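**Student:** Take this structure first; my questions come after.
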Amino acid sequence: MTFLETLPDLPSQLVYMGLAAACLLVANSCTHGLAGDLLHGDEEGSWRFFQPGVGGTVFIATQACGWILFSLALVGLMTMAAFLLKGIACCMANLYFATGALMVAGQLVLGGSLFAFRTSAGREPRLPACSIHGHVLIAGLHLPVHIFCSVVAISMVVLPLQVAVTAWVSVIIPYYGLTSWGDPAHTGRREWGRFRAFISAHIDEAMRFWVGGVSVKRSSNKELPPGKKYVFGYHPHGLYPTGAAYLSAVPAFQEALPGIQPATLVASALFLAPIIRDFAGWGGLRQVSRKSFVHALQTKGSVLLCPGGQAELIDAFRFHGPEKEVVINCRHRGFVRVALEHGAALVPVLVFGELLCLRNLFSLPVLQQLTYRALGFPVPYLLVGRWLTPIPRPHPVEFIVGDPIERDSSRQGVSVTDAEVEDIHRRYFHAIVDLFERHKGFHRGYENAKLVLSEDR
């Protein structure tokens, strides 16, 4: 008989499980943080609670094993709680002892890892400081779908299935009703100034800590007067163009282009799942469509979008091949026509470094091309970066903002012709090629890269 079975009722058993989880968290935190500081804290800057990639190979490997055992122990506790709620008695004793063994093993492995921590002067340089706000920002940019799916999965495990489903339905229906009012995916109605201010305040420290920094540079000293309209074309789209979402909030962008705050147009998929839907709305992102495009130009004055779209997503693997090709899809002309019709100048934006931060775990280009043509999205698609997670690999990201390209002043107010669209389209992508060739040599990993303009669907 286990101690759990001696408790008088279900509430007591659940309280016991909660206390066990709390004690496990405290114990592991003390073993890693307090004991680590006692062993290695004499030397300034030699020990921190959160220090990814530091301490030597053996330390990192044993730490990973210890935290995996800790996670499995938590899963065991949640499973036991779920069994108790559903009245399942079978295998409870085995699960009880297995979870206890995982707890003890995790403590031993974490404790042992402290003796493998490498404190020599030759170890990796200390990472720049980053506040909790910066870590939250990176998680919000790269993990919103994972966070939502985890919350749903945990609720399904901890609560009886009927209770969990009922709870989610009772929350989701009013949630979508309230957050869809005013068509925010097209109008940007949910844009929240404080949220954008939060991004501006912490994006620099977050990017400096996780990828090595973010910067914005103009290709020349030519001014972009804030009173005019602009359409910023973001290239390349890559696997996951997070830079398009936060670029206008980067302090360096605001310094380089004062008074210009473009509305960013993104894929409609970002407005489906909770959390990522909220972040997109609060950040002022809008669904990419002609309706949103025109409305944003009329209300905000400027727009940022990825003209290459998902066609560039499926070609991103070519950058990691022997030819190191950066593929930019130039088949779309609609964004050029809309810009000309509304008197907006086209401004090319080239991003260096983003292709090196994330990769698709499955490199099956033929299958991904077929599924993209059949479904509109490449399958399989699983983004991985640092530690095989969606967190980006460390590589600095830099945005190069080109000069505006616009129609002749004598043609303003005159109907746009197909010939004009083709001419501006040609000049725009010629500017992209010029930016790439002039700047690639200054960015690690791009020195020998080739830019390929493609019109494939």
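Quick reminder: no glycine exception, Cβ is built from N, Cα and C everywhere.
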**Student:** For the record in TrEMBL, which of the ranges 165-182, 345-362 is the transmembrane segment one?
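**Tutor:** In TrEMBL, residues 165-182 carry the label transmembrane segment.
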**Student:** May I ask you to check whether the transmembrane segment (95-117) and the transmembrane segment (56-83) make contact, with contact taken as at least three Cβ pairs under 8 Å and only pairs 6 or more apart in sequence counted?
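**Tutor:** With 3 or more qualifying Cβ pairs, these stretches touch.
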**Student:** Is the transmembrane segment (165-182) packed against any residues at least 6 beyond its ends, judged by a Cβ distance under 8 Å, and which are they?
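**Tutor:** For the transmembrane segment (165-182), the nonlocal Cβ contacts are 152, 155, 159, 189-190, 274, 277-278, 281.
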